[in-house]
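Enquirer: OK, TrEMBL features for this one:
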type	residues	note
DOMAIN	1-356	domain 'Aminoacyl-transfer RNA synthetases class-II family profile'
BINDING	Asp70, Leu71, Thr72, Arg97, Gln113, Asp117, Arg266, Tyr270, Tyr271	L-histidine binding site
Amino acid sequence: QGTRDHPPAQAALRERLLGAVVSCFKRHGAAAIDTPALELETLMGKYGEETKLIYELQDQGGELLALRYDLTVPFARYLAMNKVTNMKRYHVAKVYRRDNPATTRGRYREFYQCDFDIAGQFDPMIPDAECLKIVHEILSDLQLGDFVIKVNDRRILNGMFAVCGVPESQFLPACSTVDKLDKVPWEEVRSEMVAEKGLSSEAADRIGEYVQLHGGLDLIEQLLQDPKLSQNKLAKEGLGDMKLLFEYLTLFGITGKISFDLSLARGLDYYTGVIFEAVLLQQENEHKEEVVGFGSVAGGGRYDGLVGMFDPKGRKVPCVGVSIGIERIFSILEQRLEASGEKLRTTETQVLVATPQKHLLAARLKLISELWDAGIKAEMLYKKDPKLLKQLQYCEDTGIPLAAIVGEQELADGVVKLRDVAAREEVDVPREKLVDEIRRR
C-alpha cells in the first residue's frame, strides 16, 4: 500500500523529469552524493510531530535502524561524520514515510526526493537566494502553469510568537499549527491553538493579525517599523535578512513570483532561518467540479543547527537547501499526458535493422552489430524471416524514426536502404557512410 510499479511509459516520463531537475542542479555547480536507505535511529527527534511517520527497523544485533525519511538529515549526518564543512550537493533518491497514503494527491509511502543543498560559512542570503532561483528555474522549465514561491523566516515567526505572548516552550507546537493555514481557514487554526496547544485566546488573536499578511519589500519595510516586532531582536534580524534576500531576488529578476508570507511555517523542527515553499496556483481540469489542487511542489529553508546535532563536539555547519516535490509534479505531467492522448516513446531506438527477403538473418546480425559498435541505438525483430510489413509496422508502433533495410540487391551493391518511417521515403546509402548518415539525421 502506498507504493507503486512504474510501467515503461511512466518510467520514461519520470526519467525525463528527473533529467530536467538534475541538469538544473548541475548547472548551479552541485556534486552528487549517495547515502544508504537505512539510517541509525538518529532520525528521532529531528522532525517534530512528523517523527511518528518514520519506519523503524531492527537488525539481528538489536541495533535500531530506520528507513530514511528525507535526504536532509542523512546529508547532515554525512557532513558531521566526514568532517566536511563546505559542500554544494544534490541527491536524488527514494525516501520512506509511514503515512496514510493518499495516492490521488500524490502522497506515497515510498517516493523520490530531489534535494539541492549548500553547506558552509558564507555571507548572508547569497546561497539562500540561489536556492530560490533554482526553484524558479525548475518550475518555469517544466511549464507547470502559474506558481508562487512563499518565503518566511523562522526568526520572524519566533519573534512574532514572542511579542504576541506565546511562551517559548510553545513556539514549535504553535508553528506546526500555523503551518496548516494553507489548508484550513484561520478560525480552525485559532481554535486548535487555544483548545489543543493551550495558547490564550488573546495571544491567538494577536498572531492572527500577523499571519494573514503577505506581500513583498513593502511589507518587510512596514514590519521593520512595527512598534512590537521591531523591538524583538530575533524578528528584527530575520526582517533585515529578508530585506537583503529580496534585494538579491530582484537582481535575479524573479520577485514577480515571490511572496513574503507570514503564515508560512513549515512543520519541521530543524529550520533556523529562511523557509520557503512553492505552490502551483491552479490546475486546469476538464471536469470543473473536481479541481486538482496540488499544493506544494517544492520547499526548503535554512537549517544551521542540524549538522551540530550529529557532531560529537557539536561543531556546526550552516546549511540551506531545497527539495523538489517530484512525485506531485510527476502526477501533474502524467495527467496532462493522458489528457492530451500523446504517446510517449518508451525507448530511444534510432534505427530498426530490417530485411525484405528470407534467409538474411546473418546480414541483419552483422549490420546491427556494426551500428551498436558505433554507438547507435538499434533494434531488430527476433525472427529468422520476418515480413517487411511487420518490421515497418513495429517502427510505427514504437516510434522508431528510421529503418535500415538490407536485401540481396543492397548486399550486392554494397549499400543500405535507409527509410524515413514517418515520411515513407527511402534512399540508398553506401554501407561505409551509413553510420554518418544516421548520425546526421
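Each Cβ is built from the backbone N, Cα and C atoms, and glycine gets one as well.
No curator has checked TrEMBL annotations; they are predicted automatically.
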Enquirer: What is the pLDDT of the domain 'Aminoacyl-transfer RNA synthetases class-II family profile' (1-356) when averaged and given as a whole number?
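Expert: Mean pLDDT for the domain 'Aminoacyl-transfer RNA synthetases class-II family profile' (1-356): 89.
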Enquirer: Return the residue, from the listed binding-site residues Thr72, Gln113, with the maximum count of other C-beta atoms within 10 angstroms of its C-beta.
Expert: Thr72
Enquirer: Greatest CA-CA distance (Å) over the residues Asp70, Leu71, Thr72, Arg97, Gln113, Asp117, Arg266, Tyr270, Tyr271 that the record ties to L-histidine?
Expert: 21
Enquirer: Return the residues near Asp70 (L-histidine binding site), defined as same-chain residues 6+ apart in sequence whose C-beta is under 8 angstroms from its C-beta, sorted by sequence, else 'none'.
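Expert: Sequence-distant Cβ neighbours: Val95, Gln113, Asp115, Ser323.
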Enquirer: For Tyr271 (L-histidine binding site), which residues of its chain lie six or more apart in sequence with Cβ-Cβ distance below 8 Å?
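Expert: Arg154, Gly301, Arg302, Tyr303 - these are the non-local Cβ neighbours of Tyr271 (L-histidine binding site), listed in sequence order.
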Enquirer: Inside 10 Å of the Cβ of Arg266 (L-histidine binding site), count up the other Cβ atoms and send me the figure.
Expert: 22
